[in-house]
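> Before I ask anything, let me first share the structure, which is written out below as structure tokens.
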């Protein structure tokens, strides 16, 4: 019978991805795989593995195959209904938490929450905060609500396009968003993981700026007097976003850089 030791030599996948799939199929830990690599594998487990392996060979993201992705040290459920949380988006969460760290009471709005990764991570770090998260997709909100339940995070989820979902709400101290910002003609949309992710969470008109413009233009009525707004964007959009914020009468437009020196998040103050 087939063993893990033999299976590892037969697969076209990188060894790490093989291990991740076998852990998922067998419901075991990495250390178990090492200790039992000469044990016979159940035939039904081999068949399940081969189906998952083929999906990966076809290019499907590991996060969708496994149904989960880690973000801010928490495990989030994901599906093709939501964008896969990415490490660079952790910068948005970290900066938001820095902005509100000295506020004894705080209201947070996450626009276009998707899996809920940003809103839930903020809520877990600041359980005293009032966190509201919106999305136009009911399928995305179902995933976000599942994640909030799994992680015991207190977040209010509302359905609607941008500010339509929070009409009548009290102003927020901070607005955060990771909106669609890839231009229609960007070739990256047809490469790698992006091919499998929801296009509405990726692509925006007006050379990738349509949704960012809408968020900035509509923000003032939903911010407190000392509030701020922070938006994730493409690597080459920081100057454009700062200009949009200045044109909308926000003060101190500022870009936040990641460890590679790339501006990932831009924001300003009421």
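Yeah, the Cβs are placed from backbone N, Cα and C, and that goes for glycine too.
Keep in mind that this is a model prediction, so the values were computed, not measured.
According to TrEMBL, the feature S-adenosyl-L-methionine binding site maps to 112, 113, 114, 115, 116, 135, 162, 178. The feature substrate binding site is assigned by TrEMBL to 178, 179, 180, 181. According to TrEMBL, the feature domain 'Release factor glutamine methyltransferase N-terminal' maps to 10-67. Among the features that TrEMBL reports, domain 'Methyltransferase small' is placed at 89-186.
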> Among all chains shown, work out which of the binding-site residues 113, 115, 178 has the most CB atoms within 10 A of its CB.
113
> Pop the mean pLDDT for the domain 'Methyltransferase small' (89-186) in here, whole number is fine.
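In the predicted model, the domain 'Methyltransferase small' (89-186) has a mean pLDDT of 97.
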> If I restrict to non-local contacts, at least six residues apart, and a C-beta distance under 8 angstroms, what lies near residue 114 (S-adenosyl-L-methionine binding site) in its own chain?
82, 83, 85, 135, 140, 143, 144, 178, 201
> Between residue 180 (substrate binding site) and residue 116 (S-adenosyl-L-methionine binding site), what is the CA-CA distance rounded to a whole number of Å?
15
> Taking the centroid of the Cβ atoms of 178, 179, 180, 181 as the substrate site, which other residues of that chain lie with their Cβ within 8 Å of it, listed in sequence order?
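Nearby residues not in the site list: 112, 177, 182, 201, 202, 204, 211, 212, 231, 232, 233.
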> Write down the Cα-Cα distance for residue 179 (substrate binding site) and residue 162 (S-adenosyl-L-methionine binding site), rounded and given in Å.
10
> Need the DSSP three-state call for residue 115 (S-adenosyl-L-methionine binding site) to compare against my parser.
coil
> Secondary structure at residue 162 (S-adenosyl-L-methionine binding site) (DSSP, helix/strand/coil)?
helix
> Distance between residue 116 (S-adenosyl-L-methionine binding site) and residue 181 (substrate binding site) at the Cα atoms, whole Å?
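Cα-Cα distance, residue 116 (S-adenosyl-L-methionine binding site) to residue 181 (substrate binding site): 18 Å.
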